[in-house]
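**Student:** Swiss-Prot lists these features:
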type	residues	note
ACT_SITE	58	active site
ACT_SITE	101	active site
ACT_SITE	102	active site
SIGNAL	1-25	signal peptide
SITE	67	site 'Role in lipopolysaccharide recognition'
SITE	172	site 'Role in the phospholipid gating'
């Protein structure tokens, strides 16, 4: 009984190590694709984009009412970017935006976004997207130290107008913010 228990543990650990090796082998390939997509979006943009922040919403279940009553949820600001659609119909974008944060202080953000895009209707202009953004932001309450961000993206669009959004996870009274903006392609 003891021997079979140790054999089972050995095989479990061995399989995990093989899996980790495959993940790291694929990580190089993934990082190469990531860099190539950023470079192609920078060097060969199809569109230039105007970003207009629309709403921030602090999840009420994750905040004291006194805090949410004081927070800014109208993120005035704007941004500019460039983007392209790849051969699979997925969206790639490089952007820079500045907006008023929860404390009504300016917050810049710049980065790369990618969304897998679906066109579920007969009208090809309507599109839905799910993906991520990776970039850098800086906040007043962190003395504008550059902070890396990796966040989910989702969107609903028609033609050149897209309502794009993310969710910033967090803890109680911190993070847990829905942030959305309009993106217009030219």
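Heads up, the Cβ atoms here are built off N, Cα and C, so glycines get one too.
If you look at the structure here, what lies around each of the features I listed?
**Tutor:** Residue 58 (active site) falls within a strand segment according to DSSP.
Sequence-distant neighbours of residue 101 (active site) (same chain, six or more apart, CB under 8 Å from its CB) are 56, 72, 75, 107, 139, 140, listed in sequence order.
Residue environment of residue 102 (active site) contains 19 other Cβ atoms, counted within 10 Å of its Cβ in all protein chains.
Listed in sequence order, the residues of the same chain lying 6 or more apart from residue 67 (site 'Role in lipopolysaccharide recognition') and placing their CB within less than 8 Å of its CB are 58, 173.
In three-state terms derived from DSSP, residue 172 (site 'Role in the phospholipid gating') belongs to neither a helical nor a strand segment and is classed as coil. Long-range C-beta contacts of residue 172 (site 'Role in the phospholipid gating'), restricted to its own chain and to partners at least six residues apart, with a cutoff below 8 Å, comprise 62, 63.
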